[in-house]
Amino acid sequence: MFQGVYTAIITPFKNDKIDYDSYNKLLEKQIKAGVNGVVPCGTTGESPTLSHTEHAELIRETVKAVQGKIQVVAGTGSNSTREAIELTEAACKDSVDGILSVNPYYNKPTQEGLFQHFQAVAEHSSVPVMLYNIPGRTSINLQPETVFRLSEIKRIRSMKEATGDLGQMGKLISLVGNKMTVLSGDDNLTLPLLAIGGVGVVSVVSNLFPKAMVEMVKYFQDGRVIEARKIHYDFIEAFALAFMETNPIPIKAAMSWFGHCEPEIRLPLTRLSQNETSVKFKKALEVLKEKGYE
């Protein structure tokens, strides 16, 4: 089962192609920081605008680059169950450690439809499955009772919870017990979720500050709550501003500001608006760097 810090890694582009030179350096940064794993081809990795060829290649290159030093949990979700199965089978052949499967979006299935979708995906996976509940993106909420049913399926072992609803997360954890691990899908709720039984985060901010996110989670797990709380408070403004526009627009801009990639992003997403809020975001990140956070 997955626990700890998993970075929802960006996909750097250069001249509208994946920039593997920059990408491999980002992976090295993550490994050095001690994250538990990376999640390529997710929301933050701009998966909706990757071609099937790019999607498969990016997963393959990620596995090759990390050399087993950290886990690779590949995003293989789709609103077509058939396509999700195809992407999952391809990722499994490339020796990933797990798959991240998002709620089917746009077609708005019922809870029974969600159950059958994830059941079908799990049946075609040779690795553990992390469910991904993000109703703000998909317009459908995977209810705790449905997740409890899914927890009976052997391959379904974890969940990335991005509802922003701690009440729902608490109910979920109380239902699934030790059958599944629950990780935060929102950086600003990582510490609160840990306090009610969560075990980690699939983080956006860890693209830029992986070591800090690893330290915060580890401090909490070691009972050093005051130290964990300090990191959380220091990052509160950055956590909020990292979502001032649609993810991954702000984090892509931030990574380019600090020389990690080009600012290029694929339509229909556009580059970060230049205004007082973006200036505030850059300043907040610079302050964190000045404090020694990495």
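Including glycine, each Cβ sits where the backbone N, Cα and C put it.
As recorded in Swiss-Prot:
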type     : residues      : note
SITE     : Thr43         : site 'Part of a proton relay during catalysis'
BINDING  : Thr44, Val202 : pyruvate binding site
SITE     : Tyr106        : site 'Part of a proton relay during catalysis'
ACT_SITE : Tyr132        : active site, proton donor/acceptor
ACT_SITE : Lys160        : active site, schiff-base intermediate with substrate
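All features noted in Swiss-Prot, drawn onto the structure.
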residue	record	DSSP class
Thr43	site 'Part of a proton relay during catalysis'	coil
Tyr106	site 'Part of a proton relay during catalysis'	coil
Tyr132	active site, proton donor/acceptor	strand
Lys160	active site, schiff-base intermediate with substrate	strand
Val202	pyruvate binding site	strand
Chain-internal residues near Thr43 (site 'Part of a proton relay during catalysis'), provided their CB is under 8 angstroms and they sit 6+ positions away: Ala8, Gly75, Val102, Ile134, Arg137, Asn247, Pro248
Fewest Cβ neighbours within 10 Å, where candidates are the recorded positions Tyr106, Tyr132: Tyr106
Closest of Thr44, Tyr132, Val202 to Lys160 (active site, schiff-base intermediate with substrate), Cα positions, recorded positions only: Tyr132
Spatial separation of Val202 (pyruvate binding site) from Tyr132 (active site, proton donor/acceptor) - C-alpha basis, Å: 10
Which same-chain residues, if any, lie at least 6 apart from Val202 (pyruvate binding site) yet have Cβ under 8 Å of it: Tyr6, Thr7, Ala8, Val39, Gly42, Leu100, Met130, Lys160, Leu183, Ser184, Gly185
Chain-internal residues, separated by at least six, CB under 8 A from Thr44 (pyruvate binding site): Ala8, Ile9, Ile10, Val204, Asn207, Asn247, Pro248, Ile251
